[in-house]
Each structure stands twice: as structure tokens, then as C-alpha cells.
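*Asks:* One structure follows; several queries about it will come next.
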Amino acid sequence: MSALSGKVQTVLGPIEPDQLGRTMTHEHLTMTFECCYFSPAPGDETVAQAPIQMKNLFWLKQNPYSSHENLLLLQETNAVREELHEYRKAGGGTIVENTTQGIARDLPCLKQLAKESGVHIIGGAGYYVDATHSEATRKMTVEKLTDIIISEVLHGADGTEIRCGVIGEIGCSWPITDSEKKVLQATAHAQTELGCPVIIHPGRNPGAPAEIVRLLQEAGGDISKTVMSHLDRTIFDNGELLEFAKMGSYLEYDLFGMETLNYAYNLEVDMPSDSQRVKALAFLVQEGYEDNIVIAHDIHTKNRLTKYGGHGYSHILKNIVPKMLKRGINQTQVDKILIDNPKRWLTFK
């Protein structure tokens, strides 16, 4: 394994795992989500093009991907800096920043935010969904993709010496594309060499997470060091959830704070409320999976920042944890979900 064995790699350099503290395993601090812009419904064009303001906040909450301005989180560095200070005051220690190639990863910005806030920030290596892959990326061999991912972890990414500490979020569509399959294979090969954590964005279908795990396994990936994101918008049947849980990955519920009537990317999905998310966590704990759960907000649009009336990065610590404690999840189990499980996942083998 690598010289990073036993360490966690942040944008400021390696640290001891015990330094992490409470960790949000899936967030974005600076990015663009324009790749996934969704045209507004007929009649909504005017509000979609309007600046973000009080009178359209509810519309934005229901249609977050139909406003170009809302998708430019990279414009809000000052607001994010303030949020990180609040996150630290609320007891937060670390944020895993999941922005990869294709959605405006900005490691120098993350490094500056880490210095100014005192929050540990971990950068992500690799590639997002096929829609963000360049033609050059699509033409690369698995070996070339592997070399790039390894280099982003060991030497630095995007022409900097700032090193990533996790591979991902690695983006997968439904159905998964050939280019995404190559990236998954490269991810598994890089993980084998580095002993590092991996985090996956699955396609929006209940069968997607299991298919991805099988592809990673076939390529030699370590599922025990892999997080499957977005389960709260992907698997809704408890039986199917338990079948997937048996495959051994970390189970991530990472859309806390996002409560919307219609989910634009899959209208068949009824986006759960935070109360339903907590209920799902309690179910998994009851079924013996407390050592596999991690949670986050996956903030990726402006309207979810407190500057715009959103819940912000401290929502879980301030509001969700008390709810968890009232719904049958004890403090030891909460600490596993927020501290112990992320620490185990993020530590290089």
C-alpha cells in the first residue's frame, strides 16, 4: 500500500484519523451543476431567469435545477466560508468535498477555505457522470484513467500540488455508459494500489447500486472501503435495501435538508422528508448496519445555503441528530455514524 497507510489525506496534507471529528461524507463547497440543468415548466420561464430573491425561494426549493444562477455554487465562496465557521461552532470537524473533474473542481479554493475555517476538507479525485466527460476522457484507456486518478491522490490534481484524499464522487448514469464503466474499472484499480476510500454516485434506479458494486468487485475494488451515495433517492423498499446492504459497502443517506414534491431527474421518485430519512436510518440500525451508515446534505445549489434561506452545512448537527436520538438511535450509534464510520472509511489501508 501507499505511504499514506494509516493516515487521512486532506487538502492541507495528511492527518491522523482521530483528528477528523464529526464528518459530513458528501458535500460540495464550490462547483457548477450546469451539466444537469432542467428546463422550467411552461409558464415558469420568467421566475427561472430571475435573480434569487425572497419571493421565489419556494419555487427554487421545488425546482432547484431550473435556474441557471442556482446551479453556480462556485459564486458563493464568501457565504460558504461563513457556513464553515458555523459548522465548526456546531461541532463539525471535517467535510468530504465530492467535486470531481467535469463540475469545476477547485482545489486551491478548498485549500483556502480549510485554512480560513479550521475545518478539515478532503478533495475528490476522478470523474463525474458521462455527461461531463470530455471526448478525450471517453477515448482514454482504463490504464490511462487509472494513472490519472492515482496521480491526483499521490501528486496533486488540476496542475496543483494539492492532493485528493478520496476517489469520487464517481458518477454513474442509468443505464450506465461505457465511459462510466471504464472510470469504475480505473477507480477499482487505483483503489487497489492506493488502499484509499471511494465514493460513488449511482444512477437513479433501485438496481443501480448493486450493479455498480458488482462492476467494482469484478475489477478488484474493495467494497468495504466504498460509500454508495444517494440511497435516499434510489432504494425505497426495505427488502431491497437490506439485500443491497449485504453487499458490504457504506450506506449513505446524503440529501438531508432536501424536501421537494417532484424530483426533476426521476418523476417516479417521491423524495423522502428528513423524518423519513431518519426512519430509514433507524431501520438500518435495528437491522444491524450501524457500522455501515454515513450521512450528509450533498449541498450543490445556492438555495440550500443559509444565505438564501436554506438549511446549510450544520443542519444535521443542529436538527437531525436530536431527531435521531428521539427515534431510537442512541448517542453511541450517532457517534458511529458521524465519527467512527467516516474515520474508518477515510483512513488509507
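Placed from the backbone N, Cα and C atoms, the Cβ positions cover glycine too.
As the structure is a computational prediction, the values presented were derived from the model and not from experiment.
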*Asks:* Considering the divalent metal cation 2 binding residues E169, H230 given in Swiss-Prot, which of H133, H189, H201 is annotated for that site as well?
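*Replies:* According to Swiss-Prot, the candidate sharing the divalent metal cation 2 site with E169, H230 is H201.
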*Asks:* According to Swiss-Prot, H26, H28, E169 bind divalent metal cation 1; which one of D291, D298, D335 is annotated to that same site?
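*Replies:* So, going by the record in Swiss-Prot, that would be D298.
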*Asks:* Which residues, same chain and not among H26, H28, E169, D298, have a CB within 8 angstroms of the centroid of the CB atoms at the recorded divalent metal cation 1 site?
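*Replies:* Sorted by sequence, the hits are E27, V96, E97, N98, T99, I199, H201, S229, D254, A296, I299, H300.
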*Asks:* Want to know which binding-site residues, from H28, E169, D298, are within 10 Å of H201 (divalent metal cation 2 binding site) at Cα; which are they?
*Replies:* E169
*Asks:* Across all chains shown, how many C-beta atoms besides its own are within 10 angstroms of the C-beta of H230 (divalent metal cation 2 binding site)?
*Replies:* 21
*Asks:* Can you name the residues of this chain that are 6 or more positions from D298 (divalent metal cation 1 binding site) yet have a C-beta less than 8 Å from its C-beta?
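*Replies:* Result: H26, E27, H28, N98, S229, H230, D254, L255, M258.
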